[in-house]
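Comments concern the structure below.
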Amino acid sequence: MATKTVQDLVVPVGVTLDRFIMHSQSAFPYATGELSQLLRDIALAGKIINREINRAGLIDIAGENGTENVQGENQQKLDIVANVRFIRALKNGGEVCAILSEEEEDIIHTGNNHGKYVVAMDPLDGSSNIDVNVSIGSIFSIYRRVTPINGPASIEDFLQGGRKQVAAGYILYGSSTMLVYSTGDGVNGFTFDQSLGEFILSHKNIGTPAEGRIYSVNEGHYHSYPKFVQQYVAQCKSRNFSARYIGSLVGDFHRNMLKGGIYLYPSTKKDPKGKLRLLYECYPLAFIAEKSGGKASDGFGSILDIVPESFHQRSPLYIGSAGLVDDVIKG
Ligand SMILES: O=P(O)(O)OC[C@H]1O[C@](O)(COP(=O)(O)O)[C@@H](O)[C@@H]1O
Ligand SMILES: [Mg+2]
Ligand SMILES: [Mg+2]
């Protein structure tokens with residue numbers, strides 16, 4: 001038997017998120033490092049939330065909290081824990097002057113008025129899956145503030161529109177934990193190595209396949225969908241597409257980005273403007289979709305071109321492989 005070389009025996013750890021961020025930053029000689037630090041702060045929040053999720057059943061932070069958020073949805077204990085963990089990490093990090101969260105009515109001022117950035121976030125996405133051990137996520141969207149540094153942030157910092165995002169991404173707590181983000185130049189994914197406590201580059205320069213054979217939609221609401229969506233779903237069935245729906249946007253989106261597919265959350269009779277929130281669900285995932293070669297539409301045009309009007313605004317969402325999103329819109 002051939003003797004193993006040192007390379008065979010000592011497999012390299014890979015590129016850590018930290019190193020990757022450092023490298024990307026060295027391509028921009030005038031970068032000051034603040035956005036890099038902010039991405040590290042988000043990764044830290046992700047690690048802490050990952051730990052909380054893993055032990056939720058052991059330390060009584062599973063289940064409903066008995067409260068409702070600003071949108072009238074039941075809050076799970078972990079929704080609140082994730083919200084607090086994120087806010088704390090961003091406050092302590094110092095780069096963010098204000099935060100918009102799904103769990104809070106108004107923006108949260110961090111006290112860091114010198115911070116150049118604001119973050120809109122869904123601290124825990126897929127709340128109905130928390131207690132049943134199914135994939136959930138966190139979603140974030142980053143803007144450079146437009147209000148003067150050293151003063152308080154305000155509404156216009158958050159209502160700049162999806163095209164003004166300087167970075168966006170998500171953390172997926174699934175069969176492994178992953179952080180996926182883009183600063184506009186490609187989309188990269190990092191898998192969390194529990195033993196090292198580090199995110200390691202595992203999915204370099206992700207590209208969404210132009211076509212696919214997976215459709216993800218809550219078919220329980222079928223009769224409540226607009227005609228063009230019903231027709232599209234019928235078309236998916238007649239083309240023998242696979243139906244895959246977790247009910248955690250991050251998980252459904254991630255699978256379709258890697259394998260080729262489409263996620264649909266149309267308007268319904270109950271939610272005529274759609275269920276998903278524009279600023280911290282649709283915009284960031286649309287940013288990732290477009291930067292990976294996919295598409296995101298509200299049925300009329302690109303999600304990123306919707307002019308935002310309010311913090312918790314909702315939108316229909318059709319997102320994934322470009323060819324499939326085009327098929328829905330054509331009707
Ligand atoms: O249960 P439904 O109506 O199919 O909705 C599922 C969708 O709602 C969401 O759970 C909304 O997100 P939150 O859990 O952050 O409120 C999405 O993740 C998911 O895709
Ligand atoms: Mg969500
Ligand atoms: Mg949520």
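Glycine is no exception: its Cβ is also placed from the backbone N, Cα and C atoms.
Cβ neighbour count for E102 (Mg(2+) 1 binding site): 26 (other Cβ atoms within 10 Å of its Cβ, all protein chains included). The Mg(2+) 1 binding site annotation in TrEMBL covers E102, D122, L124.
The Mg(2+) 2 binding site annotation in TrEMBL covers D122, D125, E281. Around E281 (Mg(2+) 2 binding site), taking its Cβ as the centre, 28 other Cβ atoms fall within 10 Å, counting all chains.
The annotation substrate binding site is assigned in TrEMBL to D125, G126, S127, S128, N218, Y245, Y263, L264, Y265, K275. Sequence-distant neighbours of N218 (substrate binding site) (same chain, six or more apart, CB under 8 Å from its CB) are Y245, G247, Y265, listed in sequence order.
Marked as domain 'Fructose-1-6-bisphosphatase class I N-terminal' by TrEMBL: 16-204.
On the 0 to 100 pLDDT scale, the domain 'Fructose-1-6-bisphosphatase class 1 C-terminal' (209-329) averages 98 in the predicted structure. Annotated domain 'Fructose-1-6-bisphosphatase class 1 C-terminal' per TrEMBL: 209-329, in sequence order.
The DSSP secondary structure for D125 (Mg(2+) 2 binding site) is strand.
Among the binding-site residues E102, D122, S127, Y263, the ones whose Cα sits within 10 Å of the Cα of E281 (Mg(2+) 2 binding site) are E102, D122.
Taking the Cβ of Y265 (substrate binding site) as centre and 10 Å as the limit, one finds 25 other Cβ atoms among all the protein chains shown. Selection of the binding-site residues D122, D125, N218, Y263, Y265, E281 by a Cβ distance under 6 Å from ligand 3 yields, in sequence order, D122, D125. Proximity to ligand 2 at the level of Cβ atoms, with a cut-off under 6 angstroms, picks out none of the binding-site residues S127, N218, Y263, Y265. Long-range Cβ contacts of D125 (Mg(2+) 2 binding site) within its own chain (separation 6+, distance under 8 Å): I136, G137, S138, I139, Y170, S248, L249, V250, E281.
In sequence order, E73, N74, Q75, Q76, L78, D79, I136 constitute the residues six or more apart from S127 (substrate binding site) in its chain with CB-CB distances below 8 Å.
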